[in-house]
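Just below is one structure, and these are the notes that go with it.
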There are 2 protein chains.
Amino acid sequence: MAKITSRSPLAPESFPDLPVIKGVRFASVAAGVRYAGRTDVMLAHLVPGSTMAGVFTRSATRSAPVLDCQSKIGTHTGDGAAIIVNSGNSNAFTGRNGIESTRAVTSAVALAMGLPETRVFSSSTGVIGEPLPHGRITDKVEELVAALDESAISGAAQAIMTTDTFPKGAMATVDLPGGTVKIAGMAKGSGMIAPDMATMLVYIFTDAAIAAPDLQTLVSGINDKTFNCITVDSDTSTSDTLLMGATGASGVTVTAKDEAFAQALQGVMLDLAHQVVKDGEGATKFVTVNVTGAASAADARTHALSIANSPLVKTALAGEDPNWGRIVMAVGKSGAAADRDTLSIRFGDILVAENGWVSPEYQEDLGAAHMKQPEITINVDIGLGDGAATIWTCDLTHGYIAINADYRS
Amino acid sequence: MAKITSRSPLAPESFPDLPVIKGVRFASVAAGVRYAGRTDVMLAHLVPGSTMAGVFTRSATRSAPVLDCQSKIGTHTGDGAAIIVNSGNSNAFTGRNGIESTRAVTSAVALAMGLPETRVFSSSTGVIGEPLPHGRITDKVEELVAALDESAISGAAQAIMTTDTFPKGAMATVDLPGGTVKIAGMAKGSGMIAPDMATMLVYIFTDAAIAAPDLQTLVSGINDKTFNCITVDSDTSTSDTLLMGATGASGVTVTAKDEAFAQALQGVMLDLAHQVVKDGEGATKFVTVNVTGAASAADARTHALSIANSPLVKTALAGEDPNWGRIVMAVGKSGAAADRDTLSIRFGDILVAENGWVSPEYQEDLGAAHMKQPEITINVDIGLGDGAATIWTCDLTHGYIAINADYRS
């Protein structure tokens with residue numbers, strides 16, 4: 001693995017001060033799954049009565065832990081729940097052994113915590129296709145259980161990192177008629193990031209009381225507007241997992257129709273999604289691609305993804321080159337409806353091209369200045385209809401090559 | 001533009017010794033369209049009676065010269081024909097000015113050569129979205145016409161290069177019952193290469209007599225098996241053009257059903273297509289991706305393109321890393337049918353993974369040795385059906401980033 005020594009230039013100044021979510025406790029440990037000298041396993045425990053929801057990769061070659069989580073997420077009991085996550089090995093494409101490793105880990109946690117196995121969820125992230133040395137994890141379960149602490153979420157966010165250069169956290173507090181509820185979440189992910197869903201592990205917790213079907217509705221709907229709208233390199237992981245748990249410890253009940261809660265949760269999920277892009281392998285630019293005026297919303301998404309995934313657009317962004325010609329190319333190749341002569345392109349507010357030609361008012365130095373910023377906005381209007389979509393991405397740099405030509409994932 | 005100082009390590013030793021194709025003459029000149037100190041315009045003239053066929057980009061934002069060629073290619077006359085090509089500026093996304101520039105260039109050639117305008121085809125390649133200084137080209141038309149020479153094809157292949165590190169040529173001689181015919185072709189292209197069709201200009205000539213509809217049938221059919229099966233970076237150009245002219249000067253008639261001729265032409269087109277990949281921007285590896293056992297041929301192509309376009313697969317190839325986990329990932333994300341547990345992967349003849357797990361006979365050092373070769377073969381069997389497809393690609397290196405983070409195309 002390449003040594004990732006420097007923090008992304010787009011990283012937030014520090015890990016946020018996440019609130020305690022009543023009913024959830026965390027622990028992390030250095031188990032030596034693959035890495036030395038760092039923590040690599042985290043455990044979260046949720047009190048009895050907690051509900052769980054999840055969203056998972058749609059890869060046809062998804063990993064054993066993902067399949068295991070999917071089989072459990074629909075079953076709801078009054079018992080508590082646990083999430084155990086290791087970094088360093090994804091336990092993906094590991095055949096029958098992979099299933100056995102997942103079972104070994106989850107049953108060890110179930111036994112140690114007095115939980116049914118159906119309430120123990122696990123994730124693994126890291127190298128694909130190598131056997132998970134699950135004994136290194138099960139050996140640490142007792143130590144993890146003993147260390148559980150409601151204020152230990154930041155250590156947990158550290159333990160799940162792979163090529164990440166910073167741990168990712170986000171929070172919200174929502175005042176509702178019945179009282180105040182809190183949301184806190186963590187994520188990891190920096191490469192192999194593309195929708196369906198981005199390559200990533202995400203764990204979000206709230207002390208609201210939310211029935212499991214409502215929680216699933218909220219998480220699935222908001223996922224489509226957040227994590228499914230980011231791309232680093234168009235590559236989709238075999239391990240993508242988002243789990244959310246609601247402990248109910250606040251005593252405040254929330255339903256899927258509660259707009260204030262949904263907005264707060266969307267804020268947390270978008271914040272985490274943006275942090276994943278900002279930690280995109282080698283990223284030096286955070287890029288928002290807005291497409292409007294497409295024939296449909298689906299067409300707008302197709303155009304926006306074509307722009308966001310184009311290696312030529314992404315290298316131009318890396319070079320701070322206001323190369324709108326490559327954006328025209330990406331729109332043209334996307335397969336969605338477009339007309340060269342109705343297309344307009346703006347960098348931020350700067351009108352670059354319209355009516356099939358560079359704008360007479362465009363000044364190259366203004367475009368170049370926009371490109372020098374760490375956060376860049378590309379606005380494309382297709383000029384055909386009302387379809388709109390936004391995708392967030394990053395640039396493609398020497399750093400991406402350096403990380404991925406060496407790192408075995 | 002980045003200075004491309006070094007020839008691709010995958011380049012052939014030298015430009016092939018292309019035969020004279022009776023009835024076609026070539027010239028090239030330094031017109032200073034964008035580049036200094038090199039030729040950048042080529043002219044080809046075909047004798048009266050020649051037939052023409054073409055295949056073009058399907059980009060929704062295709063360039064003015066492409067649209068002009070497409071409008072002309074269906075019209076057949078007994079007149080001769082001409083092809084004029086400039087590098088340095090693609091005359092794409094140049095609005096009404098682009099149409100006027102194309103007309104200025106083609107009508108200057110028509111006038112100088114006594115041809116109807118419908119028989120003058122043009123291509124432009126290079127930067128998108130900047131006005132083509134067409135006067136620099138029209139000023140040189142007389143000089144070009146005076147220099148036409150049947151043995152000047154290699155100079156023409158030089159003049160159409162942009163970021164290419166070597167000129168590309170290929171040839172074949174076909175013995176038919178009626179006599180011997182010859183085929184000679186040239187191509188340019190090294191970035192913005194992806195099917196539909198690869199970003200590229202290709203000009204092929206034969207002295208066979210082929211009716212225009214037959215020539216079009218041959219070219220379109222073989223294009224799907226050659227140029228539409230290569231990808232460098234998944235980006236499709238707005239200028240892709242393949243033109244083929246048949247002069248009939250050999251006196252030997254060929255039809256679309258002539259297998260020997262079709263095979264020879266396919267050999268020429270595949271050779272040129274492979275050369276384009278071998279000159280892929282920054283390429284150090286030529287990679288053949290064979291997918292078999294897919295549920296359909298279309299599924300096989302989808303899987304093969306997903307592997308060939310995956311940044312994580314391409315960077316692993318650059319790092320000479322036998323990282324079959326990333327191939328599993330690319331199959332899983334493609335959207336075509338796959339089953340993790342029926343998948344098998346070979347590097348060349350080396351069985352790496354089967355039945356959802358690394359093969360017990362796989363030795364990592366053999367996989368690593370295969371990756372060190374300049375030409376790598378990835379064989380993936382999906383294990384579901386009879387669908388098969390082959391895609392050719394290259395690796396993704398620091399060289400690609402260096403070229404594209406600076407070069408304005």
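Glycine too: its Cβ is placed from the backbone N, Cα and C atoms.
All TrEMBL annotations are machine predictions without curation.
Taken from TrEMBL, the feature substrate binding site applies to B:T162, B:K188, B:T199, B:E281, B:N404, B:S409. The active site, nucleophile annotation in TrEMBL covers B:T199.
Within the same chain, residues at least six positions away from B:K188 (substrate binding site) with a Cβ under 8 Å of its Cβ are B:S87, B:T125, B:A157, B:I160, B:M161, B:T162, B:D164, B:P167, B:K168, B:M200, B:L201. Using a cut-off of under 8 A between C-beta atoms, none of the binding-site residues B:T162, B:K188, B:E281 neighbours chain A. Cβ neighbour counts within 10 Å, taken over all protein chains shown, single out B:N404 as the most crowded of the binding-site residues B:T162, B:N404.
According to DSSP, B:K188 (substrate binding site) sits within a strand segment. Other C-beta atoms found within 10 angstroms of the C-beta of B:E281 (substrate binding site) number 30, with every protein chain shown included. DSSP assigns B:T162 (substrate binding site) to coil in the three-state reduction, placing it in neither a helix nor a strand. Look at B:E281 (substrate binding site): DSSP puts it in coil.
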